[in-house]
Every structure is written in C-alpha cells, then in structure tokens.
Amino acid sequence: MLAIRPLPAFEDNYIWLLQHGDDAAVVDPGDAAPVLAALQIEALHLRAILITHHHRDHTGGIAALRAAWPQAVVYGPAGETIAGVDRHLHDGDSLDVLGARFTVLDVPGHTRGHIAYYAAAESTLFCGDTLFAGGCGRLFEGTPQQMTASLTRLRALPGDTCVYCAHEYTLANLGFARLVEPDNAALLARIERDRATRARDEPTVPSLLALERATNPFLRFDEPALLDAVAAHTGQRPTDDAASFWATRHWKDTEYD
Ligand SMILES: [Zn+2]
C-alpha cells in the first residue's frame with residue numbers, strides 16, 4: 001500500500017505526497033518548495049509527478065522538480081497544454097505509480113481537459129479541483145452537462161474510495177450544503193466532526209466517497225430533498241440532472257461564496 005499525506009501549499013492547497021519505501025511521487029505540485037523539503041528531510045527519491053489540470057496552483061512546481069529530479073516522469077492530461085508533461089494521458093489509460101496501478105478518468109467541467117487518477121486496489125482517487133469534500137470545482141471552462149457527467153462518474157466509484165482533492169474548502173462547502181439541506185442528519189454530523197478536525201488544525205481530506213454521496217449537494221442532484229430545495233429556491237423544479245446541478249452551483253456562486 002502507498003502511504004499518502006498532504007503537503008500544505010499556498011493558502012489552502014494540498015499537494016499529495018505518495019511514498020513507497022524510499023520512492024515518492026506527488027500530485028499537483030503547485031509549488032516545488034514544500035515537495036523538495038519533504039524529499040530532502042526523508043531522503044526520498046522522486047519518481048513521478050501526476051497533474052490533474054493546467055491551473056498554476058497545480059503545475060507551478062513542475063519545472064523546479066524536473067530540474068532537481070530529471071528522471072521523474074511527469075503525467076498530465078492529453079487534453080491540456082502543460083509545460084513539462086512527458087506522458088499525455090487519455091481516458092482509460094493506466095499507469096504504474098510506485099507499484100500501484102492507477103486508471104485515468106476524464107472529468108471535464110472545472111477545466112476542459114481535467115483528469116482524475118483512480119487506484120481501485122488502493123481505494124484512492126486524486127480528483128484535483130473536480131470534486132471537493134462537501135463541494136465541487138467552479139466551471140471555468142466546461143458546461144454543466146460535462147460537470148454533471150464527470151460527477152456522476154466519480155460518485156459511482158466504491159463508497160470506501162478515499163477522495164483526495166486539492167483544496168481545504170470543506171467547512172465553507174458544508175456551510176452551503178446545510179443551506180440547501182438543513183435537515184440532512186449525516187450532513188449535520190459531518191459539520192460537527194469536520195469543525196473539530198479543523199479546530200485541531202488537521203486536514204478534513206481525504207474524505208470517503210460514501211460520505212460525499214450522503215452530504216455533498218453536488219453529488220445529490222437527483223435526490224428528492226435536493227430537488228425540493230432547488231425548486232423552493234428558484235421557483236422551478238429542475239427537469240434533468242444537469243439542470244439540478246447547475247441550479248445548485250449557480251446558487252452557491254451567486255449567493256454564498
Ligand atoms: Zn483548478
């Protein structure tokens with residue numbers, strides 16, 4: 001099994017450090033400094049860099065890491081142009097990272113070429129800025145239909161899948177979730193627990209996919225309770241999943257953030 005831990009970066013990013021023996025890999029290194037420090041302190045060898053999408057806070061460290069570790073392989077989405085990527089990945093491609101087999105999932109919406117990395121045997125999903133704990137990424141490039149399809153794909157993964165997203169946005173996301181579903185008992189329990197976690201200055205990520213299905217409004221576009229909430233808020237009952245998703249996303253974008 002891989003050991004996986006977060007390296008905090010910038011305000012609220014997590015760069016994920018994967019370790020197996022003396023070997024390491026990182027996901028979405030927006031900044032090289034915390035990665036280089038962690039590698040040096042523990043005398044680890046960087047073997048691979050996994051990139052989910054082109055945003056600078058996920059890619060800014062590639063050049064410095066390549067310079068320090070020329071042997072490391074840099075993986076990224078085929079659908080986006082990212083300097084320093086060696087292997088351009090398509091949906092369904094598989095890759096071996098420190099002995100673990102990952103499958104590539106196309107999950108457009110936040111950006112057009114966004115990909116996720118899923119390791120079934122490790123119950124591990126690196127989903128970048130597509131799915132967050134309690135929320136989802138903004139639609140900078142994709143359509144509501146694309147994002148709904150991407151989130152539908154991710155929520156179909158096994159419930160014990162650990163969701164490693166790239167930001168600590170959880171408490172703010174759950175605040176919006178409670179606005180939408182004030183009577184969701186699983187959500188209220190989660191808020192208590194995650195507040196306590198943050199009070200201890202610990203990450204709320206990874207979360208479990210089963211918990212996301214029960215509490216994340218952006219995975220609940222077809223739940224009666226969510227459809228009722230959207231209908232009450234907008235005065236219109238959504239006619240399909242994408243309309244429900246988009247009404248919820250628009251609600252958060254315009255009245256909560
Ligand atoms: Zn992003």
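Please read every residue number as a count from 1 along the shown chain.
Every residue gets a Cβ built from N, Cα and C, even glycine.
When the candidates ASP93, ASP96, ASP129 are compared with the Zn(2+) 2 site entry in TrEMBL, which names ASP57, HIS58, HIS167, the shared residue is ASP129. Zn(2+) 1 binds HIS53, HIS55, ASP129 as TrEMBL records it, and from the list HIS88, HIS110 the residue named for this site is HIS110. Under 6 Å, Cβ to nearest atom of ligand 1: this is the test, and of the binding-site residues HIS55, ASP57, ASP129, HIS167 it is passed by HIS55, ASP129.
Between the CA atoms of ASP57 (Zn(2+) 2 binding site) and ASP129 (Zn(2+) 1 binding site) there is a gap of 11 Å. Counting every protein chain shown, the number of other Cβ atoms lying within 10 Å of the Cβ of HIS110 (Zn(2+) 1 binding site) is 25. Look at HIS167 (Zn(2+) 2 binding site): DSSP puts it in a strand.
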